[in-house]
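One structure is given here, and the rest of the page talks about it.
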Ligand SMILES: [Zn+2]
């Protein structure tokens, strides 16, 4: 473990967890010298923890329509979306929108 | 003593007819009762202050617009600090449109009516089905088969006859939405599909109405208020592009816990009351997420209105309602659409399957294991679609696949997943005879055995 390791928690809710081995919350360590953006995180997730049908999570290098990304309980749109620079101990939540009633 | 079959048939028909007559009778009687009660209240109100054997008749002047009945009925809200007479009067002067009288619409309308709303509109095209009763708590065993809006209306009037209730037994669509919506102050999205959600959003923006939006699936719920105030986003600001159809699950396929829709529907009523009365702080600009399986509520700060939103920005592209089924590539109901993946000769119907049951064959049921536990055909083996697509069947059924002459039959709930499975297996084993059953277990129920449960 080096000083550059970035520890964050990833959460999945309302069905998004089904694409990630049905695990709702996990701690991950992102390694490397460079800074981590959400764009880079999505690639990492695709390569490392996405277990089911990638097209239901990623589309055109972003999340597919109908998935909201929330960083520390704030809509990622307010924080720069794909360009947001991930900070230590960030909580990043991926939530599918529901339509049933 | 046994009854001859033809007598049984007659008896069944007679009983069904009698029950239908009684049902209609019940609806009529309930209506009569409500009318009489209303007339009685009107008479009592007129006589109020007239002599009741009291020598000097003294009529105490009212200090507000609320009637004696209303003060008694809403007393716990009237003494509630922060609500009181002012909010109660606003509520009585407010109208709410509830779109969808299902798991969300039932609790939300129940609390809105009980709390003293002046006027409520109910929209739903559907009839009450037994599979609704676990979560759609206004409907009862006696109202199965009746329109949901009528079933709900009669239940709601039992709770509070002071509320005016208007029913629309129709699917809200681009042709009728604006006309209906404009007659109400606050709109509640209690629908069950993506298409109607986009349409309702656009209609509310075009008519400048706040939209209290709830949704639920399995153990999860979500809730927010759209298009309320200057910076609050609309549904499109949040979701400019509809989700791919294959990523959308409805309650009929995914299941839903009744208490989850109860929680979200009740909270929709609360948000609607807050919007109408100005009491408290609404969820406009925030999204409430409920993970009922783990008992977690989260409150998310949402983006503001998008400056390039197609409907709510200052230069909108959408100025009238569009074709939402086309826009979403989906249908505006949670009814399952029959998939047409295979040609007829690649499939068999339930009667053909009955005929071939005596010959050796392999019957694979491709539903999830929890559904396989509910009911299944004799001699079927379970391999969920997901595992079929992962080629787990190659190893599992190695012996059977070695015999190229052994027919393989695939079955599921309605005959959609079985086509996907059959197509996948045919591609891998083109010289085998692999067929799926048209209509799946539903067809078995309707054409072979009525006692076989469907869900
Ligand atoms: Zn908008």
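Keep in mind that glycine also has a Cβ here, set from the backbone N, Cα and C atoms.
In TrEMBL, annotation is done automatically, which means it is predicted and not curated.
Note that the structure is a prediction, hence the values are computed from the model and not measured.
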Given TrEMBL lists B:124, B:131, B:132, B:133, B:134, B:135, B:148, B:192, B:193 for ATP, the same-site residue among B:103, B:105, B:214, B:221 = B:103
Note = Per TrEMBL, the coiled coil among B:12-39, B:40-67 spans residues B:12-39
Inquiry  = Checking interface proximity: list the recorded positions among B:234, B:251, B:412 whose CB sits under 8 Å from a chain A CB, in sequence order.
reply    = B:251
Task = Measure from the Cβ of residue B:309 (Zn(2+) binding site) and count the other Cβ atoms within 10 Å, all protein chains considered.
result = 21
Remark   = On average, residues of the domain 'Rhodanese' (B:357-453) score a pLDDT of 94
Inquiry  = From the DSSP assignment alone, can you count helix, strand and coil residues within the domain 'Rhodanese' (B:357-453)?
reply    = 40 helix, 14 strand, 43 coil
Key: Other CB atoms within 10 A, centred on residue B:312 (Zn(2+) binding site)   = 23
Query = In angstrom units, rounded to an integer, how far apart are the Cα atoms of residue B:312 (Zn(2+) binding site) and residue B:412 (active site, cysteine persulfide intermediate)?
reply = 43
Ask   = From B:234, B:251, B:309, B:412, which recorded positions have a C-beta atom under 6 Å away from some atom of ligand 1?
value = B:234, B:309
Message = I want to verify one value. Collapsing DSSP to three states, which class is residue B:312 (Zn(2+) binding site)?
response = coil
